Amino acid sequence: MRRCCEGVGLPCLFKGVGMASPRPPKYLLVFDFDETIINENSDDSIVRAAPGQALPEHIRQTFREGFYNEYMQRVLAYMGDQGVKMGDFKTVYENIPLSPGMPDLFQFLSKNHELFEIILISDANMFGIECSLRAAGFYSLFRKIFSNPSSFDKRGYFTLGPYHSHKCLDCPANMCKRKILTEYLAERAQEEVEFERVFYVGDGANDFCPSVTLTSADVAFPRKAYPMHRMTQEMEKKQPGAFQATVVPWESAAEVARYLQEVLKKKC
């Protein structure tokens, strides 16, 4: 069983003495957003609101690897100059399709909400995520959403900022999901919340970084044939056993729901 402080560098808060009666099993379920919950990259999707549904070459040429957040700030400034308003962005976000099987997974989680604490960690933006999840009817499932801050300024321009700064060499300059997850586990440990297992559902290279910190009790659900899946396979080849979590690739999120259903059955 995962102790409250496991993997977060804190002294253990519980030693089994004087503890209250055990609560029902409680699991932490972590989701990515782009190409995980939704079936597209939302930053690419909003270009549909731009004139001609395309960006000019001089904007696209400013992209630098690892600095996508800064690039999107320039994209949004251009779209603001072109008269794209909040309602235009909202319409796009609300119509991005969910990934295959995701409604099935969310329905399962709705029925078993008392057993799962659910958070979302995404390098997209808060406004877009909230629009999408509210339109799909699943916003209330999430205890907390971690994403880049976004708002609309006095001109009506959609503005975006970085989430934080960090020292991880493997992640984009504006967000390290490992740092966010580690700090979240530490915060919940301070609040005396213990997770028996962590489940992580993602697709990208920035989802691989936090998944490396998972323990042998935990499960990583990488989307099949996406970067996170390829990176777990490469790590297993180069360093057998180094990736500790159980790896369960998925094409449909219904497969994730079935796996979690089996976990609950075994607890009965």
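These residue numbers are counts, starting from 1, taken along the chain as shown.
Just so it is clear, glycine is given a Cβ too, placed from its N, Cα and C backbone atoms.
Summarising the environment of Asp203 (Mg(2+) binding site), the number of other Cβ atoms within 10 Å of its Cβ, over all protein chains shown, is 25. The Mg(2+) binding site annotation in TrEMBL covers Asp32, Asp34, Asp203.
Positions annotated as active site, nucleophile by TrEMBL: Asp32. Non-local contacts of Asp32 (Mg(2+) binding site) by the CB criterion (under 8 A, 6+ apart in sequence, same chain) comprise Leu120, Ile121, Ser122, Val201, Gly202, Asp203, Gly204, Asp207.
In sequence order, Glu40, Asn41, Ser42, Asp43, Ser122, Asp123, Ala124, Asp203, Gly204 make up the list of same-chain residues 6 or more apart from Asp34 (Mg(2+) binding site) whose Cβ falls under 8 Å from its Cβ. Annotation source TrEMBL lists active site, proton donor at Asp34.
Positions annotated as substrate binding site by TrEMBL: Asp43, Asp123.
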**Request:** Pick out which of the binding-site residues Asp43, Asp123 has the most other Cβ atoms within 10 Å of its own Cβ.
**Result:** Asp123
